[in-house]
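These come from TrEMBL:
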type     : residues               : note
ACT_SITE : GLU370                 : active site, proton acceptor
BINDING  : HIS369, HIS373, GLU392 : Zn(2+) binding site
DOMAIN   : 77-262                 : domain 'Aminopeptidase N-like N-terminal'
DOMAIN   : 297-514                : domain 'Peptidase M1 membrane alanine aminopeptidase'
DOMAIN   : 595-908                : domain 'ERAP1-like C-terminal'
SIGNAL   : 1-19                   : signal peptide
Amino acid sequence: MLLLFGRTVPLLFTRTVTSYCPSSLSKPNLINSVFIKIAKINGATTHSSSFSSASGQNTGTMPERRPFVRLPTDVCPVNYGLCLKPDLIDFTFDGKLEAQVEVIQATNQIVMNCADIDIITASFVPKGADEINATGFNYQNEDEKVTLSFPSSLQKGSGTLKIEFVGELNDKMKGFYRSKYTTAAGETRYAAVTQFEATDARRAFPCWDEPAIKATFDITLIVPKDRVALSNMDVVHQKPYPGDVNLMEVKFGTTPIMSTYLVAFVIGEYDFVESQSSDGIKVRVYTPVGKAEQGKFALEVACKTLPFYKDYFSVPYPLPKIDLIAIADFAAGAMENWGLVTYRETALLIDPKNSCSSSRQWVALVVGHELAHQWFGNLVTMEWWTHLWLNEGFASWIEYLCVDHCFPEYDIWTQFVSADYTRALDLDALDSSHPIEVNVGHPSEVDEIFDAISYSKGASVIRMLHNYIGDEDFRKGMNSYLLKFQHKNASTEDLWDCLEQASGKPIAAVMSSWTKQMGFPIIVVDQEQQGDDRILKLSQKKFCASGPHNGEDCPSWMVPISICTSEDPKCSKLRILLEKSETTVTLNGVGPDQWIKINPGTVGFYRIQYSSSMLESLLPGIRDLSLQPVDRLGLQNDLFSLSRAGMISTVEVLKLMEAFVNEPNYTVWSDLSCNLGVLSSLLSHTEFHDDILEFIRDLFAPIGLKLGWDSKPGEGHLDALLRGLVLGKLGKAGHKPTLEEARRRFKEHVEAKQVLPADLRSPVYLTVLKHGDGATLDTMLKLHKQADMQEEKNRIERVLGAISAPDLIQKVLNFALSEEVRPQDTVSVIGGVAGSSKQGRKAAWKFVRDNWEELYNRYQGGFLISRLIKLTVDGFAIDKMATEVKSFFESHPAPAAERTVQQCCENILLNAAWLKRDADDIHQYLLQRKAPPV
């Protein structure tokens, strides 16, 4: 699944202090939270998280765990024969299940998963014997199970389990649910769609809803004859439904052996575009009616991606077709259902004229992510949710490999460092983080691990592993893993075994230090020159957001470390595996005039603290661009993180930032912008916020002047992203020439004299709103209402919160819960308010508290509630706010967001400590900058 944690287009949710970062308006798939995927959870409503401050302890405070027992194994499914008849008017469905099962051990009851379903009849027909009717259905609603009781023991052997049942097409974006859309004539209609990961197939039919309990599926849908019906496999038979001339019975082919969470069906009105990949797979992209053209870009990407993965894995795609479909109401970014991948409209549809560059990049990444799952997750599936990270971390890494293959001009691996790697480092430095591998039991716990640790840290350590092993041995090990476990389930250790055999390296020993304990090291480096040799002293200790870990029992990691010099910044001169707390290495033939860089390419998952002399020697590499872009970014990001942890002064980072005045690279500017957004949010709690805005204007004005407003011949994708980023940053910070030009262009756009190019809309909308009045907001809401494309609606929704007046902020918050905003997008609107100003943050937090019941009910405790909480409160910087947030969620429990609440409280305390520690020094530095030279 693809979650949206900050990977929402085209806005960047910033790291650590979560200021919603419209300054990074063009940033494609970035930060906080990571959200490319989906989970669910209804879950418990009784207990709250424990709370601890940032203390540098090694293990995060774990939320209380509920008792949980997996399903018994005495009866196992072999094949589900499933027939569903949805009612798109009354929002119910009738279902018939005939499951071929194997009784492994004699029993007089069958335990299955079942939620929000009423069973009407149930019986069991042993092979060659008489039917046995069930005598009772005992629902265990808390555990989402049902026990079917039989009057006599079911004997070992095969048989057929028959169940008739009814259910509801809910409006919670999980299970079998309804999705609202509007026809060209303005009529409101509903599609029936599914979202089963993690544990919601049980809301569509009684089943053994655990990833390791695989079976084949024969699905039949009874649907209105004027609707499109889709499922995992091709249609094999279609005929009129007896008794109702308006209905059609659609039967689909038998699926391969697969897990329940990957089953899917969609009934609605859609157009499609179709092609065939070079390896003969039929590919279709389904779009809203009349928008087939908007599916062409995703179709092109999918047709390039399928052969790429086939070649990379040396395993063919195992189904005859793959459909990609845009769903109107969809909680995640996308979901990898085998053969029928579902997407948010904004993650699939591209309008050649009205889509911005970041949206195209986002669609390419999401398609790459979900199609990778067709092998890694669908063909070979994790044995239990503990190993979810393997699914999501791997797909979050290889989506970049795929996009780099399809679109080398995107420089996508540099963007990975800002989008995933640094986000994961920030979250994993908290005491309330968690290991990559988390033991998961009760369904209400599963959503908690759909986070930046599973996705972004998972992707980052796989990137580090790939670099450590080398591509050839990595591919060999992947092929071995997929062939050995195809149509089966596997654990993390199974992958390590295959990679270890392929490479001959101690993969399990190295990787367990990264997956089984939370956190990561900071590598402390010092040097000494001896003749023509450079002696380096390297040591590791756990890095904590509150400062280095100084307690006893400090954990350690097996750290692959690469070292380069100024002689060849792109090539490692030495590679070592740091297996203990410290070591000394000698670099031969490195003269005193050469600099040394640890972790070239910013691949190793750790932060670095150089001695002052080493750092001083690296700074010219920023100014003269001799350091690679990814290393310029990594150096700045490390220092920013060290300043937040109190290990260096924030003033040192501001001085470093000024060295980036000649920087040409989009992603480097994007990361700078993000960190300055964090600082701006922090300093909004002071009386000198205007001074940091002046610093931002001074830093960004030269590159803004160089880029100008209009694209030039020969410019490409990254130039478009950079222009949007810089203009948005300058506009938000109140740069007068940018504000005046934005207002002029906005007026012409509204009057239809000169339509704004898609890449300029976000920065212009943001700028005029930030410095606008009620009339500006009304104009923007009118543009929102008129927009025919969801990308444009989302673009407007994400910047509405920039408005400054208190009464208008309240108007935007009320708009967030109106019918004008799709349920999954409400969170973005509220988050935009919270991230735009100190006043907005207070108003958004009050709004969430006042409307908590409606918001919690809307998202049913799923991952969107975690995202809402994080975006709303993460930016506070006063100690008492941590107490207030903790207190609120003790009396208003949100079980699936317990860890998020802990992390937010920890971040608030860290922000407050940072502000107390550095505010005066920052203020003095900013004043000195303005003082005329003596």
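Placement of Cβ uses the backbone N, Cα and C atoms for every residue, glycine included.
Keep in mind that this is a model prediction, so the values were computed, not measured.
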Counting every protein chain present, what is the number of Cβ atoms, excluding its own, within 10 Å of the Cβ of GLU392 (Zn(2+) binding site)?
29
Which whole number is the mean pLDDT over the domain 'Aminopeptidase N-like N-terminal' (77-262)?
95
Candidates HIS369, HIS373: member of the binding-site residues with the richest Cβ shell (10 Å):
HIS369
At the Cα level, what's the spacing in Å between the residue listed as 'active site, proton acceptor' and GLU392 (Zn(2+) binding site), rounded?
10
